[in-house]
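Engineer: One structure, as structure tokens, below. Some questions next.
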Amino acid sequence: MYVTMMMMDHMELPPMPNGDVPLHMLNGDAPQQVILVQVNPGETFTIRAEDGTLQCIQGPAEVPMMSPNGSIPPIHVPPGYISQVLEDNTGVRRVVVTPHSECYPPSYSPALSPPSHPLAPPYIAHPQFIPASHTAYYPPASPSDVATQFYQHRLFYPEEIIPLYAMSSFIGREEPYCKPPPKKQNNYKTSSACSSTTNGHGKSHGSGSPGNKRPERRSRGSPKSSDPADQQGEDHNLETRRVQEMLSGMGRPQVSKVQSRSALVSWARAAQGDGTPISCGYELMLTDKGSDGKYRVVYSGELLECHLTDLRPATDYHVRVSAFCNAVRGPFSEPATFTTHCGPPDIPQAPRLSHRSKSFLSLQWKPPVDNGSRITNYILEWDEGKKNSIFRECYFGSQRHYKVVRLCPGMGYTFRVAALNDIGTSGFSPEVVFQTTGSHPQLPPAPRLVKVGSAWVTLEWTRPSGCSQEEPITYTLEGQEEGPEFHPKYSGTDVSCRVEGLRRSTQYSFRLRACSADWSTGPSAVLVCKTSPEKPGPPTDLRVDDVTSHSFSVMWQPPEDDGGSGPLTYILEITEGNSRESGQYKIKPATKKNLCVQTLNLPPAACPPPRVVGHVRHKEVNLEWASLGVEFSVEMFKVEETLEQEEVYRGRSTECTVGSLLPGAIYKFRVRAANDAGYGPYSEATEVTTAAGPPGQCRAPHVTMSSHTCAVVSWEACASSGADISEYRLDWGGDQDSLELVYSGTNMFCQISNLEAASSYCCRLQAVNQAGAGPHSELVTCRTPAAIPDAVQGFYLQDHIDAHHYSLSTSLSLVWEEPCCNGAEITSYTIAMGDRLISTGNVTCYVVSDLQPDSDFQVRAENAMGAGAFSQRLVARTRPLPPSPPRLECVAVGPQSLKLRWGDGSRTQCSEDTVYTLQMEDRNQRYIVIYRGPSHTFRVQRLCESSRYSFRIQAVSEAGEGPFSEIHTFSTAKSLPPTLKAPRVAQVEGNGCEVTWEAVPPMKGDRIAYLLHVLGGRDSEYKQVFKGEDTTFQLSGLQWNTDYRFRVCVCRRSADASQELCGSFSPASHFTPCRSDLALAVETSSASAPAAKAFGIASTDGQFATMMVVGLAFLSFLMAFILQFFLVE
């Protein structure tokens, strides 16, 4: 377990997600301090509320807690753990719970442990940072500490599961320190209900338990506590802050003697405000990840300088220093930055071979790290193949490859490479040897046989002539077992090989191949050798046959493994044993297994006749005889019949019971004895007569069916078994378990009646005499013939019927229950409706159509045997007829709609519940419903102009759906052409103008024409000046300075020119022709009379306008004069 708790003075909590300020939980006059409990992964932190409930927090988590009085409470830890108070240079104190054997850096002193003063008031855990968890917890060390333990908390807000956020805003960046290695912790487990603990103290619920006492809390605004322990803690905090202020004056360290891989860092001694030095230690931290990167401690001691080594060339470093005294650490100084100098390159890797031949080697190498200065050249050295460790330069340049030429074939050369930059030369790479290819050697000699075994051979060979001793050669040994092909047995560089897994006494052929990286030879001469044989195995299947009193035969099979040596010789050994009755011999045919054989004895003499023991029964007799041998055989034969003898017993006992005899019969028995030599002669026969017994088993009776309800059973006489039969008993039933006695007497037949048709029955017969009842005969089964079906039952009317296929007014659905078929499957049913007969087939439901009201019905079943009786009479009434379709007509026609109406608009003929269904034919010639409701009119929208549509209508009421009406076809009208925009008018030469308008495309094949109207001068109505298909028109002969209005409309002409539809006119366009100055100067007075008359109208208008202007000006002048006169006066 490793839990870290940090305590920070006068720190504010981060803002809550909902904007609440959690500091309202503290007393107003108490110092606000935060203890941050850090729970590591796999650990559990548990706190107790005032009501006794537990809150378990599973790590990883950080729980801020409030300290009302600013003191550090004691931490209750499990056995084997200790708590230490550590404080860093930022004033943050940590309470660390660790195993007793763990140690901490020297900058932290374990002397600052929690004081042993009385416990402070309980800490308050902030509710926003307590996740809801229910895991194991660690209870306090003693029951007396339960009331005031650190794990208690008081929640003023509802608990929520909110993840930690913005914790770094008040925790601050914390520098890493040497953390002890984790150790195996003890498992302190409790039950899920937290009812037991490992230290022997459980959760108490009694009224006198200290765990239920609630600590006394002072009210809000009460004076601070004057506890001596609290005062001592405050003094300690003041001393810690004073030391931190003394250690906060560290300046930036100085860096000197910077080299490529080393530097000297020095710093000034920490001093007080008056310049007095302070005896303390220093800690130097270094990073190469930037000023905000992760620092690592490189020095900790009392010296004022540190020599840094093992640095990387051309790298930026940052260093900072801090001072510490006892367990108090000051803040870090500002970081100092320095850059190491460039250095020679690193040692490159060994060159590698890319190509080779007999006279050249091509080498390549990779560039090493340049350490801040670009590599300019490479130095390649070799030993010239002399192997004397003396190298000479063979290449100097910037390339990373080189081809060494004029070399000897089949010879090895050693190379190494170094890199060079502006700073210096790196060390040489590891040495590497490469060899040129040589000439092809001769064929290798044939391998030699060194040693041979039954399953292996050892071979050796020599190097082929013509190849150097330094060149690596790979040898491949091939062997031939069966067939002409050789298979590899060995491949390697050794000159000897042991080939295993061979068969004994078998001839093998071997040959050798040699190859290197540049050449390979053919196969050598063939070596033929043979493996040695092995010892044969022992003979198998040793057995003895034909043993008599004076001889026997011994046989065996050849051994499974002959050792590969060919024909075998067998040795049979025999020894005579000691026996009084017969000879005993031991046989050993060249094997470790011995076989004991004993010759047979002589058979025994004839036994005395067997004797009857006890009373003779009607089926069995007990016999016994004298013992003259080891095994006995008893034979039996009947005196009255010439039957062969039957062996009834074979065994070692001297008595037996012979069963399965016939009552009142005469039998003879004889016995013989046997030993190892065989059976002796039979004894004289003993005659035995069995007693009378019950009758024997009767033969199966014969059953004859006279009808489907009557059967006659007859049987033959049964054997008497020594006594006359007194009666016969007949059992009859549906199955073997339901047999009952139906007849008892001396007759040889019996009649049984009242049977069911097409039913299975069984019977059996039994004979009885004065000795008892005999066994039953075999069971005889029979079946009565089929008959006509029974009368139909359960004939009724079904309420539901498929209205889509049948009319409810003229159709009824009849349902009945299937009657008993009496053994023959029902083939059909017949419905009688007065004199009308309807055959329905093998169904139990049928819909009768075309009915009249108040009809009566009967039904009967039929099978292969005939028709059954009719059922009871059923009277049913049909529903009223559905309504007829109304008359459909079109009352309004539009280009995109049709208004349809049906009926006369009154509801006298149809009831108020009548619903009408209007359908229209779609493009796929299917009718779809477009309206369903009680209304008598409907407007069909979104139709196409000048198109034909088909409709049909149907009326639906409570009686059902009526038939559809005839198909009615209606057509939509043509739509009017669109309205154009105002035409555009432009003046042309003279007193003419040109009028243009937009074009309209043809509408469904109809041509488009345009009408142009003009209104000018004093005309009160528009006049048509153009009608045609053009979209422009020029008009001349207009009057100067006269207002003209133009408008245009579109006309739609049908293809047959029988109809012409004109749209509405466009907005009017105004135009006034104006005369230019040049035209006024050139105009002559020899105008025609009509022209003069026309322009006279214009002159009169001009004079009238002039008079109006002069009059208005005079009136204005007069009014101004009058106003001025009255105002001045």
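Note that Cβ sites are derived from N, Cα and C of the backbone, with glycine treated the same way.
Okay, so TrEMBL annotates it like this:
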COMPBIAS  184-194  compositional bias 'Polar residues'
COMPBIAS  195-212  compositional bias 'Low complexity'
DOMAIN    249-343  domain 'Fibronectin type-III'
DOMAIN    347-439  domain 'Fibronectin type-III'
DOMAIN    443-534  domain 'Fibronectin type-III'
DOMAIN    607-693  domain 'Fibronectin type-III'
DOMAIN    694-787  domain 'Fibronectin type-III'
DOMAIN    882-975  domain 'Fibronectin type-III'
DOMAIN    979-1077  domain 'Fibronectin type-III'
REGION    178-238  region 'Disordered'
TRANSMEM  1104-1128  transmembrane segment
Engineer: Could you give the number of helix, strand and coil residues in the domain 'Fibronectin type-III' (249-343) as assigned by DSSP?
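Structural biologist: Counting residues by DSSP class gives 0 helix, 42 strand, 53 coil.
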Engineer: Same chain, outside the transmembrane segment (1104-1128) by at least 6, Cβ under 8 Å from its Cβ: which residues?
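Structural biologist: Same-chain contacts beyond the ends: none.
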Engineer: So what pLDDT does the domain 'Fibronectin type-III' (249-343) average out to?
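Structural biologist: Summing pLDDT over the domain 'Fibronectin type-III' (249-343) and dividing by its length gives 89.
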Engineer: Using DSSP, break the domain 'Fibronectin type-III' (607-693) down into helix, strand and coil residues and give each count.
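Structural biologist: Helix/strand/coil tally for the domain 'Fibronectin type-III' (607-693): 0 helix, 41 strand, 46 coil.
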Engineer: DSSP on the domain 'Fibronectin type-III' (694-787): how many residues come out helix, how many strand, how many coil?
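Structural biologist: Final tally across the stretch: 3 helix, 46 strand, 45 coil.
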Engineer: Per DSSP, how many helix, strand and coil residues does the domain 'Fibronectin type-III' (443-534) have?
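Structural biologist: Secondary-structure composition of the domain 'Fibronectin type-III' (443-534): 0 helix, 42 strand, 50 coil.
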Engineer: In the domain 'Fibronectin type-III' (882-975), how many residues does DSSP assign to helix, to strand and to coil?
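Structural biologist: So the domain 'Fibronectin type-III' (882-975) is made up of 0 helix, 48 strand, 46 coil.
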